[in-house]
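Undergrad: Got a structure here, written out as structure tokens. Questions coming.
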Amino acid sequence: MHLLWDIRVVLDLFLGGIGIGAFVLASILYTIDYEKYKIVCKTGFFMAPVFVAIGLIFLLLEIGRPLHAVIMLVSVNPTSILSWGGFLQGGFILLSLFIAFKIFKEQTVSNVLLFITMTLAFIVGIYHGALLSSFGRSAWNSSLPVLFLSTSLVTGFLTTMFIAKFFKQEDVTNKLVKGSMIVFLLLSFVSIIGWIYGLKLQDTTSKEALAYMMNEYFILISIAIIFGMILPIIIYIKSLFAKVHLSNFELKLTAISAFVGVFALKYVVVYLGQLEYLVK
């Protein structure tokens, strides 16, 4: 079966999401206490432009017209959400690269620059879901912007802490980070339930898409919910309320679990919307 988009679009959405989540975590910890969380901050700031850029490369390969895509990145068509997305992601890459360079040179980064770039990161995270929603497919409904943003923050946070742990064998979380993770995970869980429930309540096409997903992608969507959300939620709530640090095993488990779960989720969402189109 021929699909308009393949795995490369999924990789763009997934890797780009990790990049913006990594930047948000690094920015938060930088403003709290850079010296205390230096390893995590450096890891997040260096990861951000790399992951988003690699995601964009996959998107360019999918488009198959690199020159046209590059032109799209540096120009804005006010009526095209794809054009705006390319411009926003390109802008984020440039700003995050500049910040990463300043961090590498041990130079101070202004809070204003961090705030602007972090705001852009949130916009890009929302854009990933808004792009799909703009096509008007039943499977790509209005729940996606929040779902994609929250899951991007989850994978970005956890991947950054996972990598940072290899460089510094100390607890790389605090109450704010743990609390933020729980909020993002709960928001992801509520959003995916809302997305599935929305398919059930809408028109016949939506119900057909839901039935197809339950038949063909049941294992993947179960992985997304159980490993991408429920398991990390349990571990982080336990750690927060017990006032104990996450063990190395727990940190690695939550990172790998969310990594696999969120990738499965974005894979299902991207492919389900296209299959719905082909059926119609």
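Note: Cβ is positioned from N, Cα and C throughout, glycine not excepted.
Annotations in TrEMBL come from automatic prediction, not curation.
According to TrEMBL:
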- 13-32: transmembrane segment (TRANSMEM)
- 44-61: transmembrane segment (TRANSMEM)
- 81-100: transmembrane segment (TRANSMEM)
- 112-132: transmembrane segment (TRANSMEM)
- 144-164: transmembrane segment (TRANSMEM)
- 176-197: transmembrane segment (TRANSMEM)
- 217-237: transmembrane segment (TRANSMEM)
- 249-272: transmembrane segment (TRANSMEM)
Undergrad: Hey, which bits of the same chain come close to the transmembrane segment (13-32), Cβ under 8 Å, at least six residues off its ends?
TA: 40-45, 47-56, 58, 89, 92, 96, 109, 111, 114, 117-118, 121-122, 124-125, 128, 148, 151-157, 159-161, 174, 176-177, 180, 262-263, 266, 270
Undergrad: I'd like to know if the transmembrane segment (144-164) touches the transmembrane segment (249-272) in this structure, counting it as a touch only when three or more C-beta pairs sit under 8 Å and are separated by 6 or more positions.
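TA: By the criterion, they touch.
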Undergrad: Could you give the residue numbers and ranges of same-chain residues that sit at least 6 residues beyond the transmembrane segment (81-100) on either side and whose C-beta is under 8 angstroms from one of its C-beta atoms?
TA: 16, 19-20, 23, 45-46, 48-49, 52-53, 56, 69, 72-75, 109, 113-114, 116-117, 120-121, 123-124, 127, 130-131, 134
Undergrad: For the transmembrane segment (144-164), what are the same-chain contacts with Cβ under 8 Å, counting residues 6+ beyond its ends?
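TA: Contacts with the transmembrane segment (144-164): 13-14, 16-26, 39-40, 43-44, 47, 122, 125-130, 132-133, 172-173, 177, 180-181, 184-185, 187-188, 191-192, 195, 228-229, 232, 251-252, 254-256, 258-259, 262, 265-266, 269.
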Undergrad: Report, as numbers and ranges, every residue of the chain located at least six residues beyond the transmembrane segment (176-197) whose Cβ falls under 8 Å of a Cβ in that stretch; write 'none' if there are none.
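TA: Sequence-remote neighbours of the transmembrane segment (176-197) are 25, 28-29, 32, 141, 143-144, 146-147, 150-151, 153-154, 157-158, 161, 210, 221, 224-225, 228-230, 232-233, 236-237, 239-240, 265.
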Undergrad: By a Cβ-Cβ criterion of under 8 Å, what residues six or more beyond either terminus of the transmembrane segment (112-132) are in contact with it?
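TA: Beyond its ends, the transmembrane segment (112-132) has Cβ neighbours at 13, 16-17, 20-21, 23-24, 27, 30-31, 48, 52, 81-82, 84-85, 88-89, 91-92, 95-96, 98-99, 140, 143-149, 152-153, 269-270, 273.
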